[in-house]
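Structure first, then comments.
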Amino acid sequence: MKLPIYLDYAATTPVDPRVAEKMFQYMTMDGIFGNPASRSHRYGWQAEEAVDVARSQVADLINADHREIVFTSGATESNNLAIKGVAHFYNKKGKHIITSKTEHKAVLDTCRQLEREGFEVTYLEPEANGIIPMERLEAAMRDDTILVSIMHVNNEIGVIHDVDAIGELCRSKGIIFHMDAAQSAGKLPIDVQTTKVDLISISGHKMYGPKGIGALYVRRKPRIRLEAQMHGGGHERGMRSGTLATHQIVGLGEAAAIAKAEMATDNARIAKLRDKLWNGIKHIEETYVNGDMTHRVSGSLNVSFNYVEGESLMMALKDLAVSSGSACTSASLEPSYVLRALGLNDEMAHSSIRFSIGRFTTEEEIDHAIETITQSIDKLREMSPLWEMFKDGIDLNQVQWAHH
C-alpha cells in the first residue's frame, strides 16, 4: 500500500492509464501532432478527426449534439465564458444574475467582477443541508434576471442540487440556466434532452482526464448566445479562440467515454467504500457529517470533528492526503465559506475534513484511514483543554473568556 493514501479525488484525479496511453499517440513525430486547424494537409486532417471524435465523446456523456461542445482550458474558463459571455450578450435584456453562496470561487469571483461592471447579483443562502430551496430561488427571480448559475454537485460537501427542477423553473421564466458540473460530469448521469439546462461547465482533471482541459456545453435549441472572452483565430465557432490542444482534447474525450461506460459500477464500488469509511468513524464522539447524506455524490464525505483544530488534524493525518475546504481555498487559514454558509460556527468549520474517494481507492486504504483517523482524534483530544471542559459538562458557549 502506497503512503500517503490519496483521498482527495475532489481536488484532482490521477489520469487513467488508458487515457494517458491514448494521449501519447497525439504528441510526437510518430503520432498525430498536427494543428487541427491546418486544412491543407493530412497532419491537420488527422488531428481534426481526432478532435471531432473527442467532441462526440464529450457530447455523448451528457447526451448533447457534438456541435454544442466548446473546448476550454478547464471548468474555471468555462464558468467565466458562460457567466460573462451571457451577461455581456444579454445586458440589454437585464443586468440581474442569481447564484448561491456555496458556489466554487470560479463562479463567485466572476459574479463579483460583473458587479464591478454594474450588474446586480443575488447570492442565495442554502439550507443547513447545503441545498438551495426552490422557493428561495423563485422568490429571487425578477423581470430583469438574465442568468441563474447553480452548481450540480458541491465541491466541498458533495451535495447534489435538483437541477431538473431548477431547469424547469428557469425555462418557465425565460431565464438562462448555467450549471457548473465540474464535480458531477462523469460521476452522475446528465441528460440535456431531459434537463432544461442551457450551459454546462466540464473539467477534465476531475474525471481522470488531464489538467488544463475542459468544455462548455452551449445549447443550440433554444440557441444560447455568448460574447467571446478570448479573441483570435475564431476557433470553436468564434466562442473560444486558440489552437486546439489535440492531445488534451483526446484525453478528455477518452476520459468521458470511460466514465460513461463505467459510471454505474464505479459509483456502486465508491459508495460502498464511502459508507465503510463513515461507518468506521461515526462512533467517534462529537463527529458530524456536513451536507445532506441522501442527495450526495458517491465519493464525497465532509466531516467535522468537534474540539479538534483542523490544521493540527491535517498534520496528524499525514498518512492521508485529504483537505480542509477545497484545494482552491485551503491555502488560506480562513474557515470554509461553504460550511459557514451552512450555518456552522468557526470552530466546527475549522475542524472539518473533506475525504473524497475515487476510482483507484482500495478497501485496504479505507481500513488504514479509519485506524489513522480514530487514533489521531483520540491523541489530539487528549491534549485539548476544550475537550476536557466539554467532558466535564461545561457549556463552552457560556464561558466568559478573558481578553488580553
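Each residue, glycine too, has its Cβ placed from N, Cα and C.
Note that this is a predicted model, so its numbers are computed, not measured.
Taken from Swiss-Prot, the feature active site, cysteine persulfide intermediate applies to C328, supported by sequence analysis. Under the heading pyridoxal 5'-phosphate binding site, Swiss-Prot lists A75, T76, N155, Q183, S203, G204, H205, T243, citing sequence analysis as support. Annotation source Swiss-Prot lists [2Fe-2S] cluster binding site at C328. If you look up Swiss-Prot, you'll see K206 marked as N6-(pyridoxal phosphate)lysine, on the strength of sequence analysis.
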Whole-number Å value of the largest CA-CA distance among A75, T76, N155, Q183, S203, G204, H205, T243, listed as pyridoxal 5'-phosphate-binding:
30
For G204 (pyridoxal 5'-phosphate binding site), which residues in the same chain are close in space, meaning a Cβ under 8 Å from its Cβ, but six or more apart along the sequence?
G74, P210, K211, G212, I213, G214, Q248, G251, L252, A255
Secondary structure of A75 (pyridoxal 5'-phosphate binding site) (DSSP, helix/strand/coil):
helix
C-alpha of T76 (pyridoxal 5'-phosphate binding site) to C-alpha of K206 (N6-(pyridoxal phosphate)lysine): distance in Å?
12
Mind telling me which of the recorded positions H205, K206 has the densest Cβ neighbourhood, counting other Cβ atoms within 10 Å?
K206
Could you state the whole-number distance in Å separating the C-alpha atoms of N155 (pyridoxal 5'-phosphate binding site) and K206 (N6-(pyridoxal phosphate)lysine)?
10
Within a 10 Å radius of its Cβ, which of these binding-site residues (T76, N155, Q183, T243) has the fewest neighbouring Cβ atoms?
T243
Please work out the number of neighbouring Cβ atoms within 10 Å of the Cβ of S203 (pyridoxal 5'-phosphate binding site), leaving out its own Cβ.
29
Hey, does DSSP put S203 (pyridoxal 5'-phosphate binding site) in a helix, a strand, or just coil?
strand
Measure the Cβ-based neighbour count of A75 (pyridoxal 5'-phosphate binding site), defined as the other Cβ atoms within 10 Å of its Cβ.
28
For Q183 (pyridoxal 5'-phosphate binding site) and K206 (N6-(pyridoxal phosphate)lysine), what Cα-Cα distance in Å is obtained after rounding to a whole number?
7
Could you tell me the C-alpha distance between A75 (pyridoxal 5'-phosphate binding site) and the residue listed as 'N6-(pyridoxal phosphate)lysine' in angstrom, no decimals?
10
